[in-house]
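Peer 1: Sharing the record's features from Swiss-Prot:
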DISULFID  CYS118-CYS128  disulfide bond
DISULFID  CYS146-CYS155  disulfide bond
DISULFID  CYS279-CYS390  disulfide bond
DISULFID  CYS303-CYS349  disulfide bond
DISULFID  CYS519-CYS536  disulfide bond
DISULFID  CYS528-CYS545  disulfide bond
DISULFID  CYS593-CYS634  disulfide bond
DOMAIN    518-569  domain 'PSI'
SIGNAL    1-40  signal peptide
TOPO_DOM  41-667  topological domain 'Extracellular'
TOPO_DOM  689-777  topological domain 'Cytoplasmic'
Amino acid sequence: MLARAERPRPGPRPPPVSLFPPPSSLLLLLLAMLSAPVCGRVPRSVPRTSLPISEADSYLTRFAAPHTYNYSALLVDPASHTLYVGARDSIFALTLPFSGEKPRRIDWMVPETHRQNCRKKGKKEDECHNFIQILAIANASHLLTCGTFAFDPKCGVIDVSSFQQVERLESGRGKCPFEPAQRSAAVMAGGVLYTATVKNFLGTEPIISRAVGRAEDWIRTETLSSWLNAPAFVAAMVLSPAEWGDEDGDDEIFFFFTETSRVLDSYERIKVPRVARVCAGDLGGRKTLQQRWTTFLKADLLCPGPEHGRASGVLQDMTELRPQPGAGTPLFYGIFSSQWEGAAISAVCAFRPQDIRAVLNGPFRELKHDCNRGLPVMDNEVPQPRPGECITNNMKFQQFGSSLSLPDRVLTFIRDHPLMDRPVFPADGRPLLVTTDTAYLRVVAHRVTSLSGKEYDVLYLGTEDGHLHRAVRIGAQLSVLEDLALFPETQPVESMKLYHDWLLVGSHTEVTQVNTSNCGRLQSCSECILAQDPVCAWSFRLDACVAHAGEHRGMVQDIESADVSSLCPKEPGEHPVVFEVPVATVGHVVLPCSPSSAWASCVWHQPSGVTSLTPRRDGLEVVVTPGAMGAYACECQEGGAARVVAAYSLVWGSQRGPANRAHTVVGAGLVGFFLGVLAASLTLLLIGRRQQRRRQRELLARDKVGLDLGAPPSGTTSYSQDPPSPSPEDERLPLALGKRGSGFGGFPPPFLLDSCPSPAHIRLTGAPLATCDETSI
């Protein structure tokens, strides 16, 4: 049984029930009071605050075209301040930041003949569209784009100045997947497209290629399971020699993916996250590995989870954080999940490119066919020059001017040994974040300078159910600051891009723009400091939380300790309304306590001598006895500042005093409401009885003329005599079945606290925040 009264709104009201005794006995009561914690320390993987869609909607800007879906391909052009969006059968161009203006649009539809061929191949109608998969900047005047084109991939170019149509169409096989469900990756380097996808209709031939000129002239991976074994590609990134601080090197392209391991460690197919690297100057071999990569090397990515590394089975996404020029090498942030059913684990790990390079320069692995494990190759078995290396100036001095001049023994070795023996460990040796209750799918990151000048990495994590988690990296840990609901309907985040202070999120139904520097939502100094946002600082001059932009005068901020007590002036305390909870039966009462921050540490204060208490995450469970009557208060502390969040007075029903007039008014209103319901019920009952009597007269008349009384009369529906099965509402509220037929609609009369015949948690009338747990009665 559930009955709920609304929480009284702030405003003029009678003086609340005093929670504490007169001052003369206050000290004695405080000494006698006990303190019970609400729950243990909440890990920083739990978002500190959560904004539902009703509150978050004011911080978001949305774009969606009528009858257009799958906004999954996003490309930001910082030079023109433009966001290009690839959707189903359409490509859009929006000016950033967008604010509702009409975008430019190109419709790239599939001809009906192609759609018919698609359906003849056994594909569904909804699959036979052109899903845009690749958007890349080809040069200053043109974009390169590729789409699935009803399971016949096509590529073309777009003149960005006119933005009218896709021109110079050509086959996209080997560049673009055949369907959107196939994971792929693509990146432009030096005006050249590097892709990782599948080449055939069945999706059984994976390929990593440099797609230049005719398809037969491409440089691509060998068709061997030792090179690629059922991969799911995630991302592709380019690092230049300048970013390494190595002027003698070559551009290196990194591909991140998950593939099935060929090592038989168990009877199950083991998925392994990996990184592969090729060199931009690779021309393939002269005889061996013709038109094939001679620099293709790959290594395992290790992101160990709580269950012996099982959290690292599947790589969901990878992003790069590029610092300012000359400020160091980039950093890779990846999202990992478990491949095992029932293990809902997500982990975030950071990887350094120099660690990847060190592994690629380490020992090779060889899979022995007479055993089920790979073994390292001995150093004396590795030919010279070292297989898989980019062509450097030092190699050119040794008469190896390009990969075409490499000896066959080197090419044969790299063909048979593409996998390295050692894994790549995360930058800090362990994950930055591990959670078991959130499925992360996408990640982007940028580096923010705090008020003190120290830099912090801020990550934005998109979830499977359409939420956005904002996290800041403090040392070797990620702290999730905020959970933001993005969409009115639950749907996964499909893509994300950053543009200055704006985050752009693509999903099935829309593109959502999020302001990442919206500090104005933090209304007080304590809220601003506790938010631990490197962008935001409290301005004493403006008496507001603002984006500091490097300004220091009259501002405070504390990212790592959030010490409110030393930075903010003492704010006037708000005394919560004391809710009187009348009880007249033995049972369990749950007194809720909901602090604004999940990281707050809360304790309960209750009368002395009360021992039958059970702290819960949502409040305090009290066994109702005469000795449990008295005052209860939930006090929460964070950042050195404490305040009472909730206060209750537990009394026997007969002890209600005149101070509870507000509840009396609410109760009178509820009584009037239920009396109205009773009157309506009596009216319906009288009408039903009249119809029943009319039905009986009809049956008697039919009986006289020999009619079959078992057959229903014309215009009626036959009902079985079996008892009605419980409805979904009955299953959710088991008391509805047990109490059917008593009171109004099967529920007891209001304000009655009779014992419950079946286990349930019920709301106590007259106590809008309290629940009664009758499981032990």
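Note that Cβ sites are derived from N, Cα and C of the backbone, with glycine treated the same way.
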Peer 1: Other than its own, how many Cβ atoms are within 10 Å of the Cβ belonging to CYS279 (disulfide bond)?
Peer 2: 22
Peer 1: Restricting the comparison to the disulfide-bonded residues CYS279, CYS349, CYS545, which residue's C-alpha is spatially nearest the C-alpha of CYS536 (disulfide bond)?
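Peer 2: For CYS536 (disulfide bond), the spatially nearest of the disulfide-bonded residues is CYS545.
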Peer 1: On a C-alpha basis, identify the one among CYS279, CYS303, CYS349, CYS528, CYS545 that is nearest to CYS519 (disulfide bond); the candidates are the disulfide-bonded residues.
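Peer 2: Comparing Cα positions, the closest of these disulfide-bonded residues turns out to be CYS545.
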Peer 1: These are the disulfide-bonded residues: CYS146, CYS155. Which one scores highest on other Cβ atoms within 10 Å?
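Peer 2: Going through CYS146, CYS155 one by one, the largest Cβ count within 10 Å is at CYS146.
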Peer 1: A 10 Å Cβ contact count, applied to the disulfide-bonded residues CYS118, CYS634: which residue has the minimum?
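Peer 2: Counting other Cβ atoms within 10 Å of each of the disulfide-bonded residues CYS118, CYS634 gives the minimum at CYS118.
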Peer 1: Let's see if you can do this one: DSSP helix, strand and coil counts over the domain 'PSI' (518-569), in that order.
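Peer 2: So the counts come to 13 helix, 10 strand, 29 coil.
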Peer 1: How far is it from CYS528 (disulfide bond) to CYS593 (disulfide bond), counting Cα to Cα, in Å?
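Peer 2: With the alpha carbons as reference points, the distance is 22 Å.
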Peer 1: Provide, as an integer number of angstrom, the distance between the C-alpha atoms of CYS634 (disulfide bond) and CYS155 (disulfide bond).
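Peer 2: Computed Cα spacing between CYS634 (disulfide bond) and CYS155 (disulfide bond) is 62 Å.
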Peer 1: Taking only the Cα atoms, work out how far CYS593 (disulfide bond) lies from CYS128 (disulfide bond), in Å, as a whole number.
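Peer 2: About 53 Å separate the Cα atoms of these two residues.
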